[in-house]
Amino acid sequence: MAGFSGDETAPFFGFLGAAAALVFSCMGAAYGTAKSGVGVASMGVMRPELVMKSIVPVVMAGVLGIYGLIIAVIISTGINPKAKSYYLFDGYAHLSSGLACGLAGLSAGMAIGIVGDAGVRIRFRNMCHPTSTPWRDLALQFLSLLRRDLP
Amino acid sequence: MSTAASSSWGTALVKISPYTFSAVGIAVSIGVSVLGAAWGIYITGSSLIGAAIKAPRITSKNLISVIFCEAVAIYGVIVAIILQTKLESVPSSQIYAAESLRAGYAIFASGLIVGFANLVCGLCVGIIGSSCALSDAQNSSLFVKILVIEIFGSALGLFGVIVGIIMSAQATWPTKV
């Protein structure tokens, strides 16, 4: 094909980058929300007053979805061959940026889910008394590793 | 002739009609969204019905979790309808023009985004809805608190719809010459 430069297919990679940014971040956000939410609900059966304080992992996971949304919108509004020529270079750049954002969001979401679930359950188990704070619990944990006779 | 001409991706992609991509995108947007909704409803529903054996009071309140999952399917239907209104017929000389190809890719990616975002949203809401039903059966003060978590989960489907609609605005076909 004379004059075929491959740049017509560049938007394919660009739009796929935007899709990857959102879809993978949402996967991470969903995993984080679901896993920590199950932990919060399990803990809440024993201690209902702690539920609202333990919503932090869920909020953190929700923020990941917003990151993916922002990157996806930035990428998809940047694909405008009429305003600025869109070469294969731009397509690949958008694809890689979308994958970077999305896969990082996926991993972060999985980490938030696992840590949130475990943390919420440990918070209940290791509490010394009902008005304990997280720092106090952590400090007591570390101290108890150093000194066996501390509870 | 630029070196990009030797790209095998490019030569393969440019032979596929943009209408193929558009049709697959529209199908994925509704099909995978409904898959997510159904998955969420079955996770929530089975827990709800099981927990209601010992605590029948929870049934009417916890139907809201099922409604959140259903909303995900509705998002998929709405976006599929919007995407199919973006399809225009172009003269056969223009089908493989750069602008038509871009429109096809935009509809495809938009459908993918909406479909898979709704899939994970449906799953998330289903899992949380099931724990909501089970903890509500134990202690009815927990229902509203776990519902807050479920609302965070259902926002993910909305993100997908927002980006899908913004991206579908990029689907401009060449005007008939």
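Cβ coordinates come from backbone N, Cα and C, glycine included.
TrEMBL annotations:
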TRANSMEM  B:20-42  transmembrane segment
DOMAIN    B:25-83  domain 'V-ATPase proteolipid subunit C-like'
TRANSMEM  B:63-83  transmembrane segment
TRANSMEM  B:103-130  transmembrane segment
DOMAIN    B:108-167  domain 'V-ATPase proteolipid subunit C-like'
TRANSMEM  B:142-167  transmembrane segment
Residues from the same chain, set at least six apart from the ends of the transmembrane segment (B:20-42), whose C-beta lies under 8 A from its own: 66, 68-70, 72-73, 75-77, 79-80, 83-84, 86-87, 103-105, 107-112, 114-116, 118-127, 129, 164, 171
Composition by DSSP (helix, strand, coil) of residues within the domain 'V-ATPase proteolipid subunit C-like' (B:108-167): 57 helix, 0 strand, 3 coil
Stretch-averaged pLDDT - the domain 'V-ATPase proteolipid subunit C-like' (B:108-167): 95
Residues in the domain 'V-ATPase proteolipid subunit C-like' (B:25-83) grouped by DSSP into helix, strand and remaining coil: 53 helix, 0 strand, 6 coil
